[in-house]
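Structure first, then comments.
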2 protein chains.
Amino acid sequence: MQFNLVATDPQSKARAGVVQTDHGAIETPIFMPVGTAGTVKAVHQRELKEDIKAEIILGNTYHLYLRPGLDILEQAGGLHKFNGWDRPILTDSGGYQVFSLAGTRKIKEEGVKFKSHIDGSTLNFTPENVMDTQRTIGADIIMAFDECTPYPCDYTYAKQSMERTHRWLQRCVDRFDSTEPKYGYNQTLFPIVQGSTYKDLRIQSAETIASFGREGNAIGGLSVGEPAEMMYEMTEVVCDILPKDKPRYLMGVGTPANILENIALGVDMFDCVLPTRNARNGMLFTTQGIVNIKNKKWADDFSPIDAELGGYVSTFYTKAYLRHLIHSTEYLAGQIASVHNLTFFLWLVKQARQQILNGTFRDWKDMMVKKLMTRL
Amino acid sequence: MQFNLVATDPQSKARAGVVQTDHGAIETPIFMPVGTAGTVKAVHQRELKEDIKAEIILGNTYHLYLRPGLDILEQAGGLHKFNGWDRPILTDSGGYQVFSLAGTRKIKEEGVKFKSHIDGSTLNFTPENVMDTQRTIGADIIMAFDECTPYPCDYTYAKQSMERTHRWLQRCVDRFDSTEPKYGYNQTLFPIVQGSTYKDLRIQSAETIASFGREGNAIGGLSVGEPAEMMYEMTEVVCDILPKDKPRYLMGVGTPANILENIALGVDMFDCVLPTRNARNGMLFTTQGIVNIKNKKWADDFSPIDAELGGYVSTFYTKAYLRHLIHSTEYLAGQIASVHNLTFFLWLVKQARQQILNGTFRDWKDMMVKKLMTRL
C-alpha cells in the first residue's frame, strides 16, 4: 500500500492524499460506507460505484465470520469475489464488538470470548486468529484486534485496556508479518490508537502505535458517546504524533460536521453507519442541512430530495414521495434515503478535498459546518 | 385507448397485440408488476424501466386513498408525477380488498364500508366515488368497483354478488362517462367478470360485461384458492365470450405456468404480487425452474442467479451471495430477488409474444410449463 500526500491546507492540518491499493486508488479525505455483512444495507453494488461513487467500503470480521463464514468466503476467493465489489475493502477486527456486545463477551489476556448474537455459540477471538480471519476475508486493509473502550471509562481501566491493546498489537503484527495474503493481492495492517478520553494515555498510545511503523494508522475508541469537543481534542493530540506520511483513519466517525472538523485536524479516512442507519429512520443529510423527511411539512413538497447534490435518487425522487414511502414503511424508502445520504457523504469529502487542493479549506469548513447542522 | 391484435397462435387461443395509451404502448401478452402504494416493493423506478423493462404497473385505490391520500396525489398532478413512473398505470378499484379485508368491511347495495387497516377509521367506497378516486389518482386504466368473491363460495351468494357487481358496473359507467380526466391524458374503464367457479354464472357475467362495449375487459374472482384446472376452465369460458378486439385482463394471476396456460386461452394482461412477495421469502423463478435460495445447496454455488435470463442483478450477483443476504435478513436480498423475479416475468411474457408471432406458441408453452415448474 502506498500513500502520497498531495496537499496540506495552509490554515488547518487538513491534508489531501492518495492511497494506492491493489484494488485501485482512494483519494483522501475519504468516507467509507459500512457494509457490515458484506452489503451496504439497502444499496446495490452498482449504486455504490456509479451513483454514490464509493472508493472503499468496510466489512466486519465478527459478522462475516458468523455469516457466511470463512469456508464460504475462502471458496469464493475472498469477500471481493463473494459480493462483487472490486474496489478496496477494509475490515474492522471485531474490536468494536468488544464494546457494542459488552453484555455477551469476556475479555482475557489471550483474547475475547463472544457469545454469537445469532445462535448463542461461543466464539474465541485472539489477535492471531483475527489476523488469519481477515487474511481469509481478503480485505485490502486489515485492522488490529483491540478493545474499543466505552465512554465514560475510568482512568485505571482505560490504561489497562490500552496496554493490553498494545500487547495484542505486537501479537497481531507477529502473526500478520509471518503470513501471506491468500488471493494474490497485498493486504496491509493498521494498528489502532486507544486511551479513552485521557490526553496522556492518547499520547502514550499514539507514540506506541507510531513506533510500529505500519503503512497506516487508526484512532479508535472515539464517537462512543463523548462530547464532540472531547473527540476533537483527542484527535488533535493523536494526529500531531502519528506520522505525516501515513494515512490516518478515525474509526466510526461521524456526522458531516464531525467529519469536517476532524479533517481539519489531520484525519484522512472515516467510516460510520450514520448515513445508512439514519436514512432508514428518515433523517437526510443534504447540501442545505438536515431534513427529517417524516415531518408533515414535506407532505406536499414536490421538489427533488436535493437538486444541488445531483445523482439519480436525489434529483429523481421528491421529498413528498419519499415521505409517503417512509410513512408506508416501504422498502424503497430506506433504499432511496441510504443512497442519498451516502452520495452526500462522498460528495462532502470530495468537496473537502477540492478545498484543500485550492488552499481554501478552513473558511469553507467553518461555513459548511454551520450550514450542515441547520435543521430544515 | 387503442388495441390492435397483431397475431393469433394457430394451435391455441393465444394472441399478440398492442395497447396504445397516452403514456405509451404496451405489447401484449404483458405482466404488470404490482405497486400497491405507488411503489413496486424494493424496486427503484429506474430498475423497473431499464432492468425489468416493465411497460405498465399497478397501483391500488384502497391503499393510495389512505396513503398518501387524494389531496397529495391531486396536488402532485396524479400518481405518475407523484412517483415518477411515466409509463402506463392501472389501478385496482378496491374490489380485491372487499375479499382480502373481509373481516373488517361491510357490503351493502350502496357500496362497501371498510375499516382502515392503518387507523381503524371508516372508509365508504361506492361505485361512484371509486371512479372519482381513480380519476384523481390518474391511472390510464381504471377498474370497475366489484366484489371479488372468495373460494369456495356458495352458488346463491356467488349469483347475488355477481348481480350486484353488474349493478355497480352500471353506476361506475354512468359516473365515469359523465366525468373527465384531470390531468390532460385519457383514462379508460375496464369492467370485471365475476361468477366464482360456476360456469353458468361466468357465462352470464361475461355476456353482461361484453354488452357494455368498453375498451377492455377484466376477469376477476380467480386465483383466490381454487385449483388451477378450475381457473383455466373459467378463463376459457369467459375468453370465448369477451370480444376478440379488446384486451382481456386476468386479475391477480399468477405463477409462470398459470400465465402461460391462460395466455393459451386468450388472456392478454396479468398482474400478481407473487414475483415480489415470494422474492422476499427467497423463492426465485428462473429460466431453469424454481429456486429456493435459502436451501443449503446454494451456499457454495458461486454461479450467477440466472445467466441465461441476463440483466444486472441476475448475472452480477451469485446464488451464494443472495443466499447469504437472505439468511442475514439484509434489505439487499429482497431488492435483488424482486428485480430478478420481475425481470423473469417480463422476459417470460416477451418470449410468449415472440412465440405467438412465430406461430410456435403451443409447443413452446407445453415445454416451458414443465421446465418452469421444476424445483432445482
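Here the Cβ of each residue, glycine as well, is placed from N, Cα and C on the backbone.
Unlike curated records, TrEMBL annotations are generated automatically.
Since this is a predicted model, take the numbers as computed values, not measurements.
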Legend entry - Candidates A:Q75, A:Q170, A:Q194, A:Q204, the one TrEMBL lists with A:D92, A:S93, A:G94, A:G95, A:Y96, A:D146, A:G221 as binding substrate: A:Q194
Inset, instruction - According to DSSP, folded down to helix, strand and coil, what is A:D271 (active site, nucleophile)? - result: strand
Inset, instruction - Under 8 Å Cβ to Cβ from A:D271 (active site, nucleophile), same chain, six or more residues apart: give me those in sequence order, or none if nothing qualifies. - result: A:F31, A:M32, A:P33, A:V34, A:L58, A:L90, A:Y249, A:M251, A:G252, A:V253
Inset, instruction - Select the most exposed residue of A:D92, A:D146, where exposure means the fewest other Cβ atoms within 10 Å, treating these as the recorded positions. - result: A:D92
Inset, instruction - Count the Cβ atoms, other than its own, that fall within 10 Å of the Cβ of A:Q194 (substrate binding site), considering every protein chain shown. - result: 32
Legend entry - Neighbourhood of A:Y96 (substrate binding site) by C-beta distance under 8 A, where only residues 6 or more apart in the same chain count: A:N60, A:Y62, A:C148, A:G220, A:M251, A:G252
Legend entry - Mean per-residue pLDDT computed across the region 'RNA binding' (A:276-280): 97
Inset, instruction - Could you find out if DSSP has A:D92 (active site, proton acceptor) as helix, strand or coil? - result: strand
Inset, instruction - Only counting partners 6 or more residues apart, tell me which same-chain residues put their Cβ under 8 Å from the Cβ of A:G95 (substrate binding site). - result: A:M143, A:A144, A:F145, A:D146, A:E147, A:C148, A:I192, A:G220
Inset, instruction - For the region 'RNA binding' (A:252-258), jot down how many residues DSSP puts in helix, in strand and in coil. - result: 3 helix, 0 strand, 4 coil
Legend entry - Helix, strand and coil totals (DSSP H, G, I; E, B; other) for the region 'RNA binding' (A:276-280): 5 helix, 0 strand, 0 coil
